[in-house]
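To start, the structure under review is shown below, and the notes come after it.
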Amino acid sequence: MNAIKEHAIGLKHNIVTLILLSFAGSIIYGLPYFRTYYYDAYQQMYHLTNTQIGALGSAYGLLGVFSYAIGGILADKFGAKKLMIFSLTATGLGGFLHLFITDFHMLVAIYLLWGVTSLLTFWPALMKITRMQGIEDEQSRVYGIFEGGRGVFGAAHLAVATAIFGFFQARTLPALGIRWIIVFYSVAPLILAVIFAFLIKEPKAATAQSAAAQSAAAQTSAAEASANTGTAKAEADAAETAAEESADAKDSGLTLHSALALLRMPALWLIILMVFTTYSIRMSIFYFAPFSSNIVGTTAVVAAMVSAWQQYVRPFAAPGGGFLADRIGRGNAMTGGYILMGLGTALLFLVLRMSGTAQMVMLVFACSIVYFGVFSNYGLLYSFLTEGGVPLGVYGFAVGVVSTVGYLPEVLCPLLAGVTLDKYAGSTGYFIYFGFMIAMTVIGLALSVLWTNTFGRRYKQQQIREREAKARADRAAGAAAKEDTVLVASVTKGPVSGSAATVTTGSVAGKPQAQLG
């Protein structure tokens, strides 16, 4: 047990790595998504309709959806570090291509490219290496801190991008502002790729060391338990524990049998549905910016700030959701997140009934509630894989499967929103789409309650049994150690003490024998 604790596999030993992973997980998506923050300026610069802008997002998401499953296999078979360095480099180079392309069909090709470089080769690898930054009991916190870190870095780079855009917007040069934003988001991932090459270690080596440490510690525990108790049962139990921990630690990897076993897990499909509903809202909040400028009547810069505000909420929502989940359970925390999403979206219907300062306060408040719910849940999604019993050996493949189906809103929502907004002019189109968002939160709420009462309850009971078993083992070890101490003390006292002990024992033992006789 001490060997496992001393091995640097816990969260506290990997904070710096987790911060760098958060930075990478934020900056690489600056290029595929910056159009959503500067919607009107981007639309005017490239002369696009709402449907065409939606098509760009769908092209990115469509290729990404097919990439997730393949990317999961790549993450299990190849080095996560190498995949991430390639992804950051290729995405940045794609940004420079974007500077010289204005044709819609060529823009679609660029977004397809980003679908490969930021999703196929990046996301599953990122999720797998993030998973390795903490032990099982720390997974909610690992993903919560990871998502919170993405929010901090997202807020930082959006502040820089908004400052760039505001500078040129004030000089009535919004198109030039867009171009410099593209330059910024192209250079940043290239720099980060260089940092990763020198500062990030390949996780496979760490995994092997962890497996060896866990196996050795488990075998040592088996030997100690056998020596201390002297019973066959203790030896058998400890040996069984050693075998199980060693088998888990070895992480045999993806096989056809393990893949089919994963696909038959009901927990996996419930996770997929929760990802689908949460991600539907995640993809929909990008339309708060055009709603602010086109319907509420704010300036383009203010609309960008309303949308960028999500990244300032994210650092608090994601870790908050993770720590809350560790206290009340992941399913209960998800339920709270869905309630916030639905409530905030419903409040947007009241914004147009107000004016002046009250209207702006309500707009920001409603958006903030949705943001908090989205990122609270978003930071928890992949920790459900641990709670659902997904083995680490197929973790990358599991992420790929979950992402392939769960991230379909990446394809569906931009097209649905674009067509709706073009077909129904003014506030009507937005309110129809907001109705779709509320429907997704209601479905997600039902799913999270179902999880809590099934897999969540089962996991909680398992944790209780494991804690009780550990407590019993600790008490047995303590009793054995105390017995050994007494034995050693009696031996070191010598023959005189031994004789006295023998006489005393005989005299005491003789009385009950005489009485019984």
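Keep in mind that glycine also has a Cβ here, set from the backbone N, Cα and C atoms.
What TrEMBL annotates here:
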- 14-456: domain 'Major facilitator superfamily (MFS) profile' (DOMAIN)
- 15-33: transmembrane segment (TRANSMEM)
- 53-71: transmembrane segment (TRANSMEM)
- 107-127: transmembrane segment (TRANSMEM)
- 148-168: transmembrane segment (TRANSMEM)
- 180-200: transmembrane segment (TRANSMEM)
- 267-289: transmembrane segment (TRANSMEM)
- 295-313: transmembrane segment (TRANSMEM)
- 333-352: transmembrane segment (TRANSMEM)
- 358-380: transmembrane segment (TRANSMEM)
- 392-409: transmembrane segment (TRANSMEM)
- 429-451: transmembrane segment (TRANSMEM)
- 496-517: region 'Disordered' (REGION)
The transmembrane segment (148-168) and the transmembrane segment (392-409) contact flag, 3+ Cβ pairs under 8 angstroms: no
Averaged pLDDT score, the domain 'Major facilitator superfamily (MFS) profile' (14-456): 83
Leading contact stretch, 107-127, 180-200, 358-380, 392-409 vs the transmembrane segment (15-33) - CB distance under 8 Å: 180-200
Long-range neighbours of the transmembrane segment (53-71), counting only residues six or more past its ends (CB under 8 A): 32, 35-36, 39, 42-43, 107-108, 111-112, 114-116, 118-125, 283, 396-397, 399-404, 407-419
Intrachain neighbours beyond the transmembrane segment (295-313), with Cβ under 8 angstroms and 6 or more residues off its ends: 36-41, 151, 154-155, 158-159, 162, 165-166, 169, 174, 285-286, 288-289, 351-352, 359-360, 363-364, 367-368, 371-372, 374-375, 426-427, 430
Same-chain residues near the transmembrane segment (392-409), Cβ under 8 Å, at least 6 residues beyond its ends: 61, 64-66, 68-76, 119, 123-125, 127-128, 131, 248, 251-254, 258-259, 262-263, 268, 271-276, 279-280, 282-283, 381-382, 385
